[in-house]
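Enquirer: Annotated transmembrane segment per TrEMBL: 12-36, 56-79, 86-108, 204-232, in sequence order. Annotation comment: TrEMBL describes Cys153-Cys192, Cys154-Cys171 as disulfide bond.
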Amino acid sequence: MNSNEILMSYACVRSLLILFNIAFWLSGLSLIWIGVWLQTDFENYLKISENYSDQVHGILIIMGAVIIFVTSLACSCIVKIQSSMLAINGGILITMLFSLISLSVYIYTYKDQVMDGITDGISDEINNYNFSNSTNNDNRDNLLDIVQKNLQCCGNERFTDWPQDAIPKSCFKNFKDYTSVPDIKNIYETGCAYKLKNVISKNFTAIGVTTSTIALFPFFGAVLSFGLSLMYNKGGYEMIV
C-alpha cells in the first residue's frame, strides 16, 4: 500500500469516527430529553405507583450529560490524531458501553417494579382521595384525577371501586354531566390499572430499546478509536489539519 492509500485510509477512519462522535453526541442529548420528560410530563403516571422512584430520571440525565461531555472532549484528539488520547478515548467508550448496558437492564427492572405497584397505588389514592378539590371549582387536581382524565378511565379495576355516591368529576366523560347520582352511561367504565400499566409498559419498553441501541455507539466508537491509534503508531502518521 503506497503513502497516498495509507493517507486515504487514515482520512476515511477519522471521518467515520467524527460521524460516530456526532451521532453519539446527539444520543446523549436524547437521553437528557427522555430524563426531563419522565420528570415532567410522564411523572404523574409513575408517582401513582407504590414503587415509584425518581432515580431513573436523574440517571438518564447524568448519563446523557456524560456522553455529551466525553464526545465533546474526544473531538480534539480525533481531529489532531493523538494516539495516546485515542486509546484513552477507546477505553472510556468501553466503560460507557457497560454503563449503558447496565442502564438498559435497570430500566426494564424499574418498569416491572413500577407496574407491580400500580394496583396498590391506585387503591391508596382512592382511599385517601381529597374530594374537596373535585367538588369545588379548584384548579388543583388530585393525582388520580390527572390519570383518570388523561387515560379516560375510572377507579382501579372498574368505576365501581369508588363509592356510588362519591365518584369524582374526573370519571365523567363530560364534566357538565356530573351529578350526585351518577348515570353509568356518562362514566368511564374501564379501570385505570390496566390502562396505566399498558402506557408505562409501552413507553419504558421504547426507552429500554433506545438505550440498548445507544449502547452500540460506544462499541463501534471504541473499535474505530483503537484502530486509528494503531494505524497512527504503525505508519508514523503526521496529523491532518
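The backbone N, Cα and C atoms fix where each Cβ goes, and this holds for glycine too.
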Enquirer: Residues of the same chain, at least six outside the transmembrane segment (56-79), with any C-beta under 8 angstroms of its C-beta?
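Expert: Sequence-distant neighbours of the transmembrane segment (56-79): 14, 17-18, 21-22, 24-25, 27-36, 38-39, 43, 85-86, 88-89, 92-93, 96, 99-100, 103, 106-107, 110, 225, 228.
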Enquirer: Could you tell me which of these disulfide-bonded residues, Cys153, Cys192, has the greatest number of Cβ atoms within 10 Å of its own Cβ?
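Expert: Within the set of disulfide-bonded residues, the most crowded position is Cys192.
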Enquirer: Far apart in sequence but close in space: which same-chain residues, 6 or more away, have a Cβ under 8 Å from Cys154 (disulfide bond)?
Expert: Gln148, Trp162, Ile167, Ser170, Cys171, Ile187, Tyr188, Glu189, Thr190, Gly191, Cys192
Enquirer: Mind giving me a neighbour count for Cys171 (disulfide bond)? Other Cβ atoms within 10 Å of its Cβ, every protein chain shown.
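Expert: Cys171 (disulfide bond): 24 neighbouring Cβ atoms within 10 Å.
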